[in-house]
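Asker: Okay, these came from TrEMBL:
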ACT_SITE  Cys340  active site, nucleophile
BINDING   Asp239, Asp266, Asp287  S-adenosyl-L-methionine binding site
DOMAIN    118-385  domain 'SAM-dependent MTase RsmB/NOP-type'
Amino acid sequence: MTRWENYLFSAEEITGSYDGTLPLHHYLKGFFKQHPYMGSRDRRQISQLVYAYYRLGYLWKGKKGTSERVLTGTFLCEQQSTELLRFFRPDLDDKAGLPVADKLDLLGVNNLAEIFPFAGELSPGIDIPSFIQSFFAQPHLFIRTRNNRQLAITRLLDKAGISYEVTGDDTIALPNSTKIDTIIADKGWYEIQDASSQQVGQLFTPAPGELWWDACAASGGKSILLMDKQPGVKLMVSDVRASILQNLHQRFKEAGIRHYESIVLDLTAPVADSAIGKRRFDHIILDAPCSGSGTWARTPENLSFFQAGKIEEFQQLQQRIARNVAQLLKPGGTMTYITCSVFRKENEDVVSYIEKETGLKTLEGGVIAGYGQRADSMFAVKMTK
Ligand SMILES: C[S@@+](CC[C@H](N)C(=O)[O-])C[C@H]1O[C@@H](n2cnc3c(N)ncnc32)[C@H](O)[C@@H]1O
């Protein structure tokens with residue numbers, strides 16, 4: 001067998017045994033551990049084939065064989081000729097430089113719902129063709145530069161020969177494979193944070209002395225953004241997972257944030273006075289658990305394994321959490337409801353529910369369509385009591 005045939009064979013073996021239970025990158029790690037004779041180039045090429053396959057979503061599922069789908073996915077993802085595609089499908093390789101829309105035409109795909117069957121669930125602000133076509137490109141790695149270090153960082157990137165684009169005052173887009181921690185030693189200079197997540201920060205207008213609560217803080221990405229804007233706020237962070245708050249403590253330490261309070265809270269139940277006393281908050285960040293569908297260009301295996309019924313499960317969870325969280329907002333304060341979902345039921349419909357159930361009113365915000373700049377897509381709405 002040639003090298004290319006071996007690669008295709010391995011990709012077929014992986015897609016045949018992977019069941020979506022683990023994230024795909026974990027599964028691939030396990031697979032390569034069991035095949036230690038594969039070198040780093042082999043691992044990279046096989047992983048690319050597997051990812052290209054999952055980027056097809058539902059296209060030709062059950063209708064065409066795995067190898068044909070792997071090669072079709074590869075054709076849609078590659079922007080220039082590759083040896084592998086030239087070996088198997090020179091007809092497609094000749095056309096590798098075409099835009100994705102033209103490639104789909106060439107393949108006779110004129111209904112994008114063949115790829116993404118959830119198109120009817122999308123928030124109105126999402127451009128359906130652009131969103132679906134974005135699955136065929138790996139999103140960028142974005143960093144948010146801190147403490148006026150942008151120039152110093154771009155110098156180091158230049159020195160390391162990394163291609164990058166400065167896309168905002170504090171935002172740099174990098175190739176996804178960049179090992180940024182090997183280039184910039186001081187972790188206090190930057191945060192890895194998607195461009196859309198950074199954009200959410202425009203809804204935060206903190207003033208010194210205000211009491212802020214990051215209710216679903218995870219490892220603290222939004223909180224660090226907030227504290228960089230205004231180090232003088234009084235911050236409380238919470239999450240249902242104690243383990244993720246441990247990650248937050250480490251990340252805060254590296255970011256130089258020392259003064260904050262943290263607490264483990266399950267927000268599906270009302271917050272007891274015994275946990276936080278009679279305190280009420282000037283501002284709340286509610287970055288709710290969600291389907292993550294705005295990030296599926298990074299984890300395209302979800303296109304095949306996500307179950308439609310999950311959308312409503314998330315919606316119910318978001319509604320319960322939002323109702324309990326809104327109780328702790330001071331009159332005149334704001335709550336910013338955030339998801340990294342593109343589904344209306346998790347976004348606009350939850351905002352309508354919050355308005356109806358808690359009396360909060362929408363001030364500004366909506367869909368953040370990241371697919372246009374190879375970033376995640378999100379939803380963020382600022383509401384007031
Ligand atoms: C989208 S993530 C938050 C991301 C984070 N704000 C950031 O910027 O990195 C949602 C978080 O909600 C937490 N969560 C899920 N269910 C919860 C619950 N019932 N109560 C509190 N937090 C919950 C999850 O553990 C997860 O860390």
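From the backbone N, Cα and C atoms, a Cβ is placed for every residue, glycine too.
Give me the local environment of each listed feature.
Answerer: Around Cys340 (active site, nucleophile), the C-beta neighbours below 8 angstroms that are at least 6 residues distant in the chain are Ser196, Ser197, Cys290, Gly292, Ser293, Gly294, Thr295, Asp376, Ser377, Met378, Phe379.
Sequence-distant neighbours of Asp287 (S-adenosyl-L-methionine binding site) (same chain, 6+ residues apart, CB-CB distance under 8 A): Asp214, Ala215, Cys216, Ala217, Ala218, Lys222, Ile338, Thr339.
In the predicted model, the domain 'SAM-dependent MTase RsmB/NOP-type' (118-385) has a mean pLDDT of 97.
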Asker: Using a 10 Å radius around its CB, how many other CB atoms surround Asp239 (S-adenosyl-L-methionine binding site)?
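Answerer: Result for Asp239 (S-adenosyl-L-methionine binding site): 24 other Cβ atoms within 10 Å.
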Asker: Including all protein chains shown, what's the count of other C-beta atoms within 10 A of the C-beta of Asp266 (S-adenosyl-L-methionine binding site)?
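Answerer: Step by step: centre on the Cβ of Asp266 (S-adenosyl-L-methionine binding site), count other Cβ atoms within 10 Å, giving 12.
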Asker: Listed S-adenosyl-L-methionine-binding residues Asp239, Asp266, Asp287 - what's their greatest C-alpha to C-alpha distance in Å?
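Answerer: Value for the max Cα separation, rounded to a whole number: 14 Å.
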Asker: Return one of helix, strand or coil for Asp287 (S-adenosyl-L-methionine binding site), based on DSSP.
Answerer: strand
Asker: Around the S-adenosyl-L-methionine site formed by Asp239, Asp266, Asp287, list the extra residues of the same chain whose Cβ is within 8 Å of the site's Cβ centroid.
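Answerer: Nearby residues not in the site list: Ala215, Cys216, Ala217, Ala218, Ser238, Val240, Arg241, Leu265, Leu267, Pro289, Ile321.
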